[in-house]
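Over in TrEMBL, the protein carries these features:
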| type | residues | note |
| --- | --- | --- |
| TRANSMEM | 149-173 | transmembrane segment |
| TRANSMEM | 194-222 | transmembrane segment |
| TRANSMEM | 228-254 | transmembrane segment |
| TRANSMEM | 412-433 | transmembrane segment |
| TRANSMEM | 491-508 | transmembrane segment |
| TRANSMEM | 515-535 | transmembrane segment |
| TRANSMEM | 547-568 | transmembrane segment |
Amino acid sequence: MIVLLLCLAAQFSPQYTQFVRSPRSDTIFVRLVRGTYNISDFADDPVVLWFYRTHVESPEADSLLKKSNLRPNFHLGAALRWEATEADKHQAAAEKLHLAAHFDSSAVETFFSFLTLGFSHRDISYVKTALSLPVFSSLRTQLYLATNIGILLMAAIFLSGFVYVVVKLIFYLPVLSHRMPPRIHVRTADIAKTLIILAPALVLRNLYIAFIVYAFLLILVLNKREMGWLRFIFISLLLMYVLSLPLTTFITFLKERNNTYRLYETVHYDASPDVEASTNREKALLAYGLKHQGKNREALALYEELHTNNYRTAAVSNNLANLYFAQGDTAKADSLYIGSLLREDRGEPYFNRGLIKLGKLEYSESERLMAEARRRGFSSIHKDPVDIKPTNQAFLDILFSEQFTADGIVKFVYVIPLFVLLVLSIIGLHLSAPFFCSSCNRALCTDCIKDIEGETLCTYCFEKFKSTKKTETEIDLRSIVSKTKERTRQIILYSINIVVPGAGLIYIGKHTAGLILVGIVMIGYIPVLFPGIFIQPAGWIALRSDALFRFLAIFAAIVAYVISFSAIREYHAH
């Protein structure tokens, strides 16, 4: 664990790496352990504080670190979250997470860790802490949520469609097996053909192949209303594929595999990665990041290059002016602030010009400019000029400018069969109806259909009813057959609804309510049953959320059970 913490910590600052390698670190550590030095003597030196706490359990060092003024630092937050996962008591884990939030309050891992802690120990204060963190303003969090919500919805739609196909297959399976050549009117032959139809599921055990095969078979027998819902599922899956194309770029960003993430890290974290900037937009972001890492000379060179190349956005002009301001060249700075105001109506340039006027003792003009800044929603307690920060949209523009690939989360080859099935469902390949005996509900084919006064019967029922000589006997026989049919139907209905809450509604034809409930249940089940499909960003370290997801899955299932069984009971009542 110590090795991991040191590796993570070594990434947060070049000064830390230099300190660890220098003899000074050993000297300070030995004197701190012996009591010659007190850790409070280094309250203003976060490098020493962090070095000491990685070797010695020191609440005082943690307390002093909470008061330190450092830029957001993902690596220190990750190290502290790792300590939280190893903590024996939830109070100790909470202390580590609070310190992690101090170093990087925008990390989604800290947010989920607090939620997990609050749920596991039934402490609402942890949940309140999680909700108070500004995680949703972070681009990394937004892309993480967008990617995984997209994956969750795609999986939920597919599994809901799969459940729909399976439910309809259960209903139409006797017809498909009975009409499958060769047509032999023997029960054992139908059973053998049923096993052949079920082979893709029983042998291959692949949900996608089973879905494609059975959806094709159902196209042959579904009625218009049922076919409409099957088409809706195909269209939804195709639409989700199209919407998933940008997610591949998001995943590359989250896994820290592209230059855009390195730019993002340079801007938001105290790190110096090997980043490249080829376009003016990227150079503007890099210049901002370098400036806030204290590399003013490199930042000035980039900003001046952008200004010379006529890339003079409000942010470039304002931030370049701030560098001139720091050098004492207020004339150039004031000119650039005015240019920034002309390009975009923001408060920062007004505030910065107000500082220039204040330095020249022009109090009334300074107050006027400060008031203009406040009118535009900007104020600051600092006495230094303020930069215009890059927005999330700037990084999104770069991400969306990258070329999308057809083989993203879902391979394009898997989409082709869906499109083919959609076309086939529109063409109208269909077996001739009727499919079932109106009395016993047995499967029918053209060879075994019998008709009595407009009533469609199977050969078995036809001969049985025909052999009766009394009307009362025929009525009793019909009643017995009808009750047997209804009992079998209810057994299938309740069994389906027990296995998948809401699927029973699909079986009785309530497709809208059934698919909605099944979709909700799948959204709850998927994180528990298929956690591997979700994307975890690079450096993901957080408390395990299994218990939270299990609770949500159980809650969704209970709600779906109550609603679906109530709807089924109401259906039978009518």
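Cβ from N, Cα, C; glycine included.
The transmembrane segment (149-173) makes no contact with the transmembrane segment (412-433): fewer than 3 of their CB pairs lie within 8 A, with pairs spaced 6 or more apart in sequence. For the transmembrane segment (515-535), the most Cβ-contacting stretch among 194-222, 412-433, 491-508, 547-568 is 547-568 (pairs under 8 Å).
For the transmembrane segment (228-254), the partner stretch with the highest count of Cβ pairs under 8 angstroms, out of 194-222, 412-433, 491-508, is 412-433. Sequence-distant neighbours of the transmembrane segment (194-222) (same chain, 6+ residues past either end, Cβ-Cβ under 8 Å): 158-159, 161-162, 165-166, 168-169, 172-177, 180, 230, 234, 414, 417-418, 421, 424-425, 429-431, 435.
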